[in-house]
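Structure record follows, encoded as structure tokens.
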Amino acid sequence: MLKDLFSKKKKYATIPSEQAKQDVPEGIMTKCPKCKKIMYTKELVKNLRVCISCGYHHPMSAPERIGCLLDEGTFQEYDRHLLSKNPLEFPQYMEKIEEDREKTKLNEAVVTGEGTINGFPVVIAVMDSRFRMGSMGSVVGEKIARAIERAMEKSVPFIIFTASGGARMQEGVLSLMQMAKTSAALKLFSEQGGLIISVMTHPTTGGVSASFASLGDYNFAEPGALIGFAGRRVIEQTVREELPDDFQTAEFLLKHGQLDAVIPRHELKDTLTNVLDIHQSRGGDEWHTN
């Protein structure tokens with residue numbers, strides 16, 4: 001009996017059942033990746049997907065961003081009918097495209113169109129990282145180039161919101177061509193006096209960061225956005241140096257003169273309105289960057 005009294009008792013861990021795991025429906029709550037706070041998704045969306053605890057800027061979908069920036073009922077979408085093909089016959093590429101179309105209810109990784117911001121007419125392009133990580137394929141480049149051309153025709157400012165992992169590898173050189181095509185369209189627009197505003201959001205990397213994302217008359221970014229061409233690990237291995245902790249963040253780029261401002265999401269519409277107001281000519285119909 002004494003032996004039983006001093007013997008170690010076995011410890012057991014309780015494993016939650018599948019039913020217990022499903023008690024909280026998916027999508028009801030969102031955990032902040034920065035401060036780890038768990039909040040109601042509905043409250044997060046109401047706060048423009050900015051964490052109410054630490055201010056972390058969660059990604060926004062293209063429809064959400066358009067909805068919070070443009071005046072209600074003014075948005076008219078361009079080129080929704082343009083769809084990606086598979087020119088290189090890359091295995092399972094079209095299956096993945098179809099999956100993203102079903103998941104996001106979008107046809108491609110960018111939404112373009114026209115509308116007004118506090119009464120100021122603009123042409124806008126908004127990338128959506130949910131669709132193939134916002135990668136730039138031939139349709140993405142074509143939609144952006146066409147949007148720039150429409151901004152030229154209408155003599156209104158062009159605003160682009162970037163969120164991309166870079167060029168779309170499944171389309172090879174056709175994807176890389178979009179860097180030149182979009183950059184050339186922006187150059188022509190700029191030569192005609194057009195106003196270009198670029199807003200880089202998390203993440204803006206690869207061929208997108210090396211082309212149209214960095215060619216604005218104003219280059220803005222959201223707080224904490226990852227912005228860069230090559231990955232941090234690749235750069236460290238190449239230069240054989242340890243990089244700063246904040247390397248490739250919006251704040252790092254601002255500090256080193258590569259951005260004009262880092263603007264919190266709640267202040268973005270007012271900032272864009274002020275910029276548009278400054279650049280509108282006295283006549284009210286023309287825009288200029290001079």
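Our numbering is plain: 1 for the first residue shown, then up by one each step along the chain.
For all residues, glycine too, the Cβ spot is worked out from N, Cα and C.
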Zinc finger per Swiss-Prot: which of the ranges 32-54, 124-146 is that?
32-54
Shell list (Zn(2+); ref centroid = CB of CYS32, CYS35, CYS51, CYS54; cutoff 8 A):
PRO33, LYS34, LYS36, LYS37, ILE52, SER53, GLY55, TYR56
Most Cβ neighbours within 10 Å: which of the binding-site residues CYS32, CYS35, CYS54 is it?
CYS32
For CYS51 (Zn(2+) binding site), what residues in its own chain, 6 or more apart in sequence, show a Cβ-Cβ distance under 8 Å?
CYS32, LYS34, CYS35, LYS37, MET39, LEU44, HIS57, HIS58
For the domain 'CoA carboxyltransferase N-terminal' (28-290), mean pLDDT (0 to 100):
95
